[in-house]
Every structure is written in C-alpha cells, then in structure tokens.
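Reviewing the structure listed below.
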Amino acid sequence: MKICIFFTLLGTVAAFPTEDNDDRIVGGYTCQEHSVPYQVSLNAGSHICGGSLITDQWVLSAAHCYHPQLQVRLGEHNIYEIEGAEQFIDAAKMILHPDYDKWTVDNDIMLIKLKSPATLNSKVSTIPLPQYCPTAGTECLVSGWGVLKFGFESPSVLQCLDAPVLSDSVCHKAYPRQITNNMFCLGFLEGGKDSCQYDSGGPVVCNGEVQGIVSWGDGCALEGKPGVYTKVCNYLNWIHQTIAEN
C-alpha cells in the first residue's frame with residue numbers, strides 16, 4: 001500500500017495520511033525481466049509492498065509496510081507465477097525507525113532481516129546505499145507491482161518508471177506544511193506518471209544507488225501532486241548501526 005492523503009477544510013487545509021489501497025506504477029512500462037535484481041516483494045498472504053535488498057540478509061522498506069508476518073520474495077518478475085529464479089525467505093526481524101510517525105509519515109523507513117541469507121546471482125543482487133543526497137533534476141528509476149491506475153488491480157509483472165527528482169521548493173509548494181527534511185518529491189507536475197498502491201516500500205534508484213523509498217502522496221499521478229519518498233541518505237548511520245547490532 002502507498003499512503004494517500006485526503007484533505008479536510010477546517011478553516012485551513014489539514015492533511016491526514018491514511019492507508020489506502022492505491023499504490024502501483026502509473027504511466028510507466030514493464031521492466032525488462034530481472035533487470036531490477038534488488039527489488040523484493042513483501043508478502044503477507046499476498047503482495048503488500050516492495051523493498052530493496054541492501055545486503056544478502058537485509059532489506060530496506062517503508063515503516064508503514066510493517067506486518068507481523070512477512071515473507072520476503074526475491075528474484076520475482078511475475079508475482080503470480082513460479083518462474084524459477086525466486087527465493088522465498090521469511091523475515092526474522094522487522095525494525096522500524098524509532099521516530100516513525102504514522103500521522104505525518106516522517107521517518108518512514110524499516111529494515112527487515114532475513115531468516116537466512118539470500119543467494120546472490122544475476123537475478124538476485126544488492127543495491128548500494130547512497131554516498132550523497134539526491135539533487136534536483138537527477139533521473140531515477142522507480143519500480144514495483146503497484147496498481148497501474150488508482151483503484152484498479154495490480155499488475156502481475158514488475159513495472160518501471162523513469163522520473164526526475166524535484167526541487168525542495170516545488171515539493172513544499174505541492175504539499176504545504178507536510179514535507180519534512182526526511183522527504184523528497186519525484187515525478188511530473190503535469191501528472192500521468194507516478195508510483196501508486198502497493199508500490200510502497202519499493203526502491204528509488206538514482207545513479208546506481210538507492211536514494212528513496214516509496215512513501216506517500218495525494219492520490220496517484222494527479223496534476224500538481226508528485227510522489228513523496230523517504231530520503232535514504234538521512235538514515236545511513238541508523239542503517240549501519242542497526243545492522244551491526246542485529
């Protein structure tokens with residue numbers, strides 16, 4: 001799921017994120033098979049979120065994707081068929097950021113430790129963490145099995161979207177008083193292309209590094225409402241410390 005925002009007029013405009021089943025790549029394209037080998041599917045009886053494999057035993061995802069019983073599925077392309085490259089590994093630990101706020105969606109980041117290490121190969125591999133924070137205009141790749149259109153069923157095969165990082169000023173203008181220093185916007189102000197329902201937790205990869213985590217937005221692919229992503233570069237110390245201690 002991707003968190004969607006609904007607006008209520010109370011003299012001023014207040015926004016409250018609510019979990020809504022509305023998260024798949026809109027306006028993208030079918031990824032070349034196994035071209036995103038770090039992409040994982042989080043399964044709780046069915047696909048609920050995406051994630052990124054950052055070591056052979058750790059996955060990066062969104063805190064709002066937490067579920068008490070998760071299976072991490074690697075090497076997937078068509079999530080409804082067994083194609084031979086899959087590795088299904090149960091989660092041993094799920095560690096949410098201690099300052100995650102489900103109302104503001106700040107610090108929307110989670111680490112998942114696999115019960116056993118993944119076998120790395122051409123179809124299952126890790127993605128590096130960023131060395132620097134993303135800059136406006138950088139082209140990135142977003143991927144996931146989220147819905148292709150708000151309110152519709154999810155696709156069976158992995159979808160991809162190429163989209164630019166937007167400036168902080170554009171992001172704040174799109175979502176007044178909602179963007180924290182731990183978030184950034186990516187996408188197209190004209191709408192039509194975006195992450196959506198069930199893309200949540202999935203990777204935003206820029207220049208070969210995982211810079212973002214699909215987090216929230218106002219609907220999907222709406223004009224003037226780009227997707228909002230967790231800024232991974234702000235959490236490098238927490239990620240390294242958490243892995244070292246667990």
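Quick reminder: no glycine exception, Cβ is built from N, Cα and C everywhere.
These numbers come from a predicted model, not from an experiment.
Quick look at what Swiss-Prot lists:
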DOMAIN    25-244  domain 'Peptidase S1'
DISULFID  Cys31-Cys160  disulfide bond
DISULFID  Cys49-Cys65  disulfide bond
ACT_SITE  His64  active site, charge relay system
BINDING   Glu76, Asn78, Glu86  Ca(2+) binding site
ACT_SITE  Asp108  active site, charge relay system
DISULFID  Cys133-Cys233  disulfide bond
DISULFID  Cys140-Cys206  disulfide bond
DISULFID  Cys171-Cys185  disulfide bond
SITE      Asp194  site 'Required for specificity'
DISULFID  Cys196-Cys220  disulfide bond
ACT_SITE  Ser200  active site, charge relay system
Counting Cβ atoms within 10 Å of each Cβ, the densest environment among the disulfide-bonded residues Cys49, Cys140, Cys185, Cys206, Cys233 belongs to Cys49
Nearest-integer angstrom distance between the alpha carbons (Cα) of Asn78 (Ca(2+) binding site) and Cys140 (disulfide bond) | 23
Compute the mean position of the Cβ atoms of Glu76, Asn78, Glu86, which form the recorded Ca(2+) site, and then list in sequence order the other residues of that chain whose Cβ is within 8 Å of it.
-> Ser41, Arg73, Gly75, His77, Ile79, Glu81, Ile82, Glu83, Ala85
Roughly how many angstrom lie between the C-alpha atoms of Cys140 (disulfide bond) and Cys160 (disulfide bond)?
-> 10
Integer Å value for the Cα distance linking Cys31 (disulfide bond) with Cys49 (disulfide bond) is 17
If one measures from the C-alpha of Cys196 (disulfide bond) to the C-alpha of Glu76 (Ca(2+) binding site), what distance in angstrom results, rounded to a whole number?
-> 19
